[in-house]
Every structure is written in structure tokens, then in C-alpha cells.
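What follows is a short report on a single structure.
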Amino acid sequence: MCGIIGYAGHRPAVPVIIEGLRRLEYRGYDSAGVAFVQNKELNIVRAEGKLANLETKLESINVTMATSGIGHTRWATHGVPVERNAHPHCCQDGSLAIIHNGIIENYQQLKAELLEKGYEFRSETDTEVCANLIAECLRSTGSLDTAISMALQRAEGAYAIVVCDSRNPGTLYAARQSSPLVMGIGQGENFLASDIPAFLPYTRDVVFLEDGEMVRIDANSWSVMNVKDLSPVEKQVHHITWDVQAAQKGGYKHFMLKEIFEQPRVISDCLTGRMDWKQRTVTLPELEQAAIPSRLHIVACGTSFHAGLWGKQLLEQWAGVPVSVEIASEFRYRQPIMQQGEAVLVISQSGETADTLAGLRLAKEQGLPVIGLCNVVGSSIAREADTVVYTQAGPEISVASTKAMTSQMTALALLALYWGIRKGVLPDETRRAAVDGLEKLPGQLESELPRMREEAKRLAREYSSARSFFFLGRGLSYPLALEGALKLKEISYIHAEGYAAGEMKHGPIALIDPEFPTFAVAPADDLYPKVKSNLQEVQARSGRIIALVHPGADLAVDSPWVMAEAWGPLSSFLALPALQLFSYEAADYLGKDVDQPRNLAKSVTVE
Ligand code: M6R
């Protein structure tokens, strides 16, 4: 769960690497470091904390001579987040430096072997073990590519590594296994990175590396080979069209706020190419060749899991497809019953979430077709799924996922309509109402967002002294309540629990008192009367309530928050941003690091 970058070219390497690391900081940020060779000497500079600390350290060093090097931002998996555990690590004789994203699971065993051979270690990391293992293999083979190949065949687990050799600093080697790694192809310069934004100001030509591949780059050439036998592998160069501005804040105080305000566009973009506005129907070209499953298993984590819970209800109601939704880290370690004719839908913004990827692989092993619902083009899940439906939401930088969920819900609504139409089970009236509703939705949300933000700001100030919150909802609003609670806890650190409103009386209601407020999602749907009674039970215990309601709601709560109406289930698209904005404003008011909350990383590539 780290960000890595390697550069070989014609510019001073360190500024290019630092700039790349800044754009990768969302991947983890408890320490950072760079390695480069100058005057034949390998220099490693590392600092605990955010990238700014590393930059301060580099200010006193002349780094203009090196035209190649490697850099890393770390999110600790082995060893506490202190400077000695920061990357790059080097082998004992100081000739090789290495950066690594992932976990080498058998590193203790490898370390024991190396200790016996007389190696000494300065850190607690699996990465330093890898550096010394490569150095040990190099002693016997004399060639670095063979040494890396030998070492990696002994390593079990996940890795994307880049290796720099002080004796040949203009050439970098890299390899991947279950961790993201892409190569940028420039003019007289080449790049390696965990993610494309790292090198986007310099090139848009990208090669996606696959598991088991190794690559060698220098300023003017690159080659990809099989890590086991070093046989050449042919690769295609892809041209990326989105620009780096899309990954910048665009005038907003935080990426999270920018991404919340992007949601109207995200809905339109997700509809693009999938709506036949004339015929008032939906087409999903990606799924035209695929059979409609007899049962769908949705597998995902975090916010994507909540989107899956929301989508289940529409898929069952509109398409008549039975759906189970499971957290990927549970699914992967069960023996789920999957039968012929069924399919798995994995949902992941990043397309790199380790547990979701493992769920995908389990499904494939059992012979089930896998559909990926992903945002990141070329991500591991996108490449390994049999079919991909892209959410087309653009890069999401804030650790707290917002626009990704809106795009996933949009795509799931389209999927439910598409399968319902194909099966002939969706009433015409519903199809027409849904298409009308979707057409209006982006404009409606666009005009509501500024007002929603003002209300969110006011309520966040009033309630931000609470130590705990309940988020309640029923039906389609239940997954929204789960998401509201997740958002609040992850960025404001206020304890929050999401519950199905009907479950309150089975235990949680015992916690209610005047200091424990409840945030209810109570749109005017069929379940409104039921939610209303649940909220009366909360009020009877002196609990304060914020309730997202539709105009005309007869709920006498402390803080009614009247939201605009959309057609039927589409009202969720107006409730979700309200929940996101409430959390955002609470976290900002409390002075929290909104985009990079403590202990979290954007892309969870370890289990
Ligand atoms: O990239 P993915 O959608 O697979 O990520 C899943 C979760 O890690 C992610 O949604 C996480 O829960 C977010 N921090 C929520 O805001």
C-alpha cells in the first residue's frame, strides 16, 4: 500500500521523483524516501512523516547531477513507521537500493537463511530482506536480471519492486506480483510507478505490467521479460487521454470536497454511451455477449460494498436476479457455494483492493464468469475480470470515497435496468420513469449541492461535539446509513454506527441518551412510516435526531433536513451527497486531515 516511482532519463531525477511521489501520496504516507547515484555513490535520503519532511531534508543536498533514481511513499505493513523502516532499503554492501510495495510473506524464513550467511539487517522490513536476497543471488550469477529473477522465485506474497544498482545507475529493474506497477514511455526518459498520475506531466504512453513480469529501463530503451526464465514478453503501449489537472484540487479546499461536487458530472459520464435517449432505454455494450446470471454474487470492500448492498435491491426488483452481497475479506476465506449459470460482480474503485482481487480469483478458479465494476482503467481487477464495466468517474484522490460510490450506484442502476429489459421483466412504466429520472438527475444534483453544503456546514457545527452517532435507514437507505457512518468515522474520528432502523430495538437503542445523536435517512418511500416509528422510539429515550426527509414529511425531529425529491430509488443520489457533506464539514470544522485521514490509505493492496 505504498507509492513507488523509478526514473531513468535526461532530467535531474530527484525533482521528477518528488513530484511523482506527491501525486502518489494518497497511497500511503507515513514516511518517504529517495535513492540516486551521484559521483558513483549511492545516496539514500529518507524521512518519517509526510513528503514535506523529505523535501526539507533534500534542501541541504545538491541533487542536480543524478538523472536516474527511485522514490517511495510508505504505508507501514512491516515495522513501525520510523525512518529506519522507510524505503529505499539497500543491501548490506550498499551497492543495491530497492523500493517495494506489498508484503513478502516468507521474509522471516528468508531472513533467517541470510542471517546464517552473515548478513546483518538495519530495519525490520521484508524489503531489506529482499535487497539482501538479490545481493546474495548476484554473488553467484554475476548478472542483476538473473539475480532478481532467482530472488523473486523464492519470495512468496505480493510485490512491486524497483531496483537501482550503484554500478550501473542509469538502468533500473522492476517486477510485479499482485501489486500495481505501470511503465511510462517518454522521449529519452522512462518511468516506473504504482500509478499513472506519478508521471503524467511527462508522458501519456503507458505499458501495464502483469503479474510475473519483469522490466528493464534506461533513458532510451525498455524491455519486458518473464520473471522466471527472462524470456522476452511483447507489450502494447496504451495512450492515456485524461490529464493531470483532473487529479488536482481545482480550487476546492480538499480533494474530498471537489470530488463531492463532481458527482453530477460523474453521473452523466457514467451514463455516456449507455443510454439510448431516443428509445428511452439502456444498453450496456460491455455485457451484450454475456449471459444474464441465474444468481449474482457481489464481492467488495468498504464503500464499494455499500454500493453493492444498494444495487442488490434494484437488481432483484427490476431484473429479478437473486443477489448476495459479501465483504471480500470474508468471501475469500469461505467456501462459497457458486453454481453453473451464476456470476460474480466485483466492485472496486481502485481495482487493486487485495481482498476483492482474491475474491475475483476464487470465483475464476471455480469457473464462474467475473464482471468487474471498476474505476481505474488497466487496474489488476479490470484486467483479470472476464468483462469490465468502467464507472468512468475519473481519478479519486481523497482517501474517503465519495464520487466512486455515486458512479457505482449509477452503473448498478443501469445494470438492473439493462438486465430487466433484456429478460423482459421490467415494466415499461418503470423503464420510462427510470430513464426520465436519470436524465434529470445530474442537473438536479448540480443545483442542490451548494444549498446542501450550507445545511451540512450548519448541522456539522451544531453536532460535532458528539462522541458517537447512529446512522439509520431502511431499504435503499440502509446502505446509505452504513456509508454515512463510515464517512463520519473515517475522516472526523467521531464514533459512528450504521444500522437498519428496525434493528435498533434489538440492542443498540440502549445506547441512546441526549449525548448520542442519530442521523436518519428517511425519504418518502414505502418504508417511511416504519422509519418514523423507529425514530419515535429514539426520541422517547431523549435522543436528538437529524433526519434527511422529503418535503411535507410529518416528522417532528430536532433537525429536519429537507432534501429535493427524485424519482423513486433515484432519491438516494440526493441523500448520499448530504451524508458525505455532513462528514466533510464535521471533519473540516474539527481541523482533521480530511484527504489523508490517519491510519488509512487510498488503495488497500494488502489483506
Ligand atoms: O478501491 P476499492 O473500491 O476496492 O476500495 C474499497 C475500500 O477500501 C474503500 O471504499 C474504503 O472503504 C474507503 N476509505 C471508504 O471511504
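Glycine is treated like the rest: Cβ placed from N, Cα and C.
Feature annotations, courtesy of TrEMBL:
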| type | residues | note |
| --- | --- | --- |
| DOMAIN | 2-220 | domain 'Glutamine amidotransferase type-2' |
| ACT_SITE | Cys2 | active site, nucleophile |
| COILED | 37-64 | coiled coil |
| DOMAIN | 283-425 | domain 'SIS' |
| DOMAIN | 459-597 | domain 'SIS' |
| ACT_SITE | Lys602 | active site, for Fru-6P isomerization activity |
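Neighbour counts were taken as the number of other C-beta atoms within 10 angstroms of each residue's C-beta; across the active-site residues Cys2, Lys602, the minimum falls on Lys602.
A Cα-Cα distance of 10 Å separates the residue listed as 'active site, nucleophile' from Lys602 (active site, for Fru-6P isomerization activity).
In the three-state DSSP assignment, the secondary structure recorded for Cys2 (active site, nucleophile) is coil. With helix defined as DSSP H, G or I and strand as E or B, the domain 'SIS' (459-597) counts 66 helix, 26 strand, 47 coil.
Predicted-model confidence for the domain 'Glutamine amidotransferase type-2' (2-220) is 92, expressed as mean pLDDT.
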